[in-house]
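This report refers to the structure that appears directly beneath it.
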Amino acid sequence: MADAEVIILPKKHKKKKERKSLPEEDVAEIQHAEEFLIKPESKVAKLDTSQWPLLLKNFDKLNVRTTHYTPLACGSNPLKREIGDYIRTGFINLDKPSNPSSHEVVAWIRRILRVEKTGHSGTLDPKVTGCLIVCIERATRLVKSQQSAGKEYVGIVRLHNAIEGGTQLSRALETLTGALFQRPPLIAAVKRQLRVRTIYESKMIEYDPERRLGIFWVSCEAGTYIRTLCVHLGLLLGVGGQMQELRRVRSGVMSEKDHMVTMHDVLDAQWLYDNHKDESYLRRVVYPLEKLLTSHKRLVMKDSAVNAICYGAKIMLPGVLRYEDGIEVNQEIVVITTKGEAICMAIALMTTAVISTCDHGIVAKIKRVIMERDTYPRKWGLGPKASQKKLMIKQGLLDKHGKPTDSTPATWKQEYVDYSESAKKEVVAEVVKAPQVVAEAAKTAKRKRESESESDETPPAAPQLIKKEKKKSKKDKKAKAGLESGAEPGDGDSDTTKKKKKKKKAKEVELVSE
């Protein structure tokens, strides 16, 4: 029998089911309609997490510390807040018109929306147009962080004399990158001090040699004066130049492509809501403040820890559910709830590696609390000792502040440690110690100086000692003479006193006669 040839057929690879990415319109509808929440379970979400809204985007890629927590019904998804809260915790990406100042524009929006407080990130000069982020009420807490964010501009520079082609202008623009010295222009809203501002990138878009106009794009640090940059361009080219027109195309996270709205849009949206109760246009015009924080590293907290943070508690590791990769010490991060609401801005005190290895400790310190207090219920003071303390206050064994009284059991006094009092004592002790330490330091410094001066002094020569002895002997003689005269008062003393009186009288008479 001939050997039968065995033919091995190649295995069919099963194709992985690829999730079809939905069109943007459908995603927007789903985001506004459904409830989005990081649930205490490890099931895959229905909608791809890359299409989840705002700060919950790609939450499944965050490092998981624990999935166990008790969800609370309080709070809501930023996109599904009630219209009043939605506006009070929102911002507008406004296309600023030419001529009115930034402060005027912001005041008009405050009047249109009928809110108490508005603020803007990075002032634009009256003639400058473009991206102006207007923060409303609660969102004004983020103004500082947005003011210091990078900016992008498109400007037109007019040269005073002709140059050969646009290559010279593009070279000059490339030269004026990096850290530059700038003094604000003559007409400026700030003090005219020399300062350093960084230009990250710049490029020429177009140059018209007939009209001597150049269009350029600049990405720069906050507080850079483009007018001054245009003057410097003219000086560098040797022909002189000035800024003709300017538009801001990006401010921090928001650009002019991110649904920028005009003043008319805001006015129309408010009119529709007032007259037809249609809030859909207002929701398009105003964005939740969480959109400004999408570039920050995230830290997801348990619902039970949220209100404590709003009251200024330390961000401790047991309250953390998830954390992002690449967190560094002293980096600005955003602390969020499981529903994607921003609780506060914080400064990280642990890196991602330390968070993953530790089981206790302070993760970050609060920089700015964003969320309103008591949005979530209070969940502190529910431990065994705290519960016992509350019961004893009810029974009258402790006073209303939880301090021991005459009727307090001896066992409680011995066992219970009031950490708030111990902390106060430590602070008082430190305050008392501080002046003592300062006094001791001053004494030691004095001693050092004295010892140094003594060591620096040379031994005195013999003639100086002789002089000192002579002076002493003279003093002793005078003292003895004084004692003798004091012991035996004679007529001489009375004569001298009489003479003095006569002299005084004579002087007085002379003065009167003059």
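Positions of Cβ are set from backbone N, Cα and C atoms, glycine also.
When Lys203, Lys302, Lys424 are compared in Swiss-Prot, the SUMO2 cross-link annotation sits on Lys424. Residue with Swiss-Prot feature SUMO2 cross-link, selected from Lys191, Lys314, Lys367: Lys191. Checked against Swiss-Prot, the residues Lys14, Lys20, Lys468, Lys475 yield a single entry marked SUMO2 cross-link: Lys20. Checking the ranges 2-21, 82-101 against Swiss-Prot, the region 'Nucleolar localization' annotation falls on 2-21. Cα spacing between Ser387 (phosphoserine) and Lys394 (SUMO2 cross-link): 11 Å, rounded to the nearest whole number. Counted within 10 Å of its Cβ, the other Cβ atoms near Ser387 (phosphoserine) come to 11, all protein chains included. Among the recorded positions listed here, namely Lys39, Asp125, Lys191, Lys394, Lys394 has its C-alpha nearest to that of Lys413 (SUMO2 cross-link).
Here the domain 'PUA' (296-371) has, by DSSP, the following mix of helix, strand and coil residues: 17 helix, 31 strand, 28 coil. For the recorded positions Lys39, Asp125, Lys191, a Cα to Cα distance of within 10 angstroms from Lys394 (SUMO2 cross-link) holds for none. On the backbone, the CA of Asp125 (active site, nucleophile) and the CA of Lys191 (SUMO2 cross-link) stand 15 Å apart. Lys394 (SUMO2 cross-link) falls within a helical segment according to DSSP.
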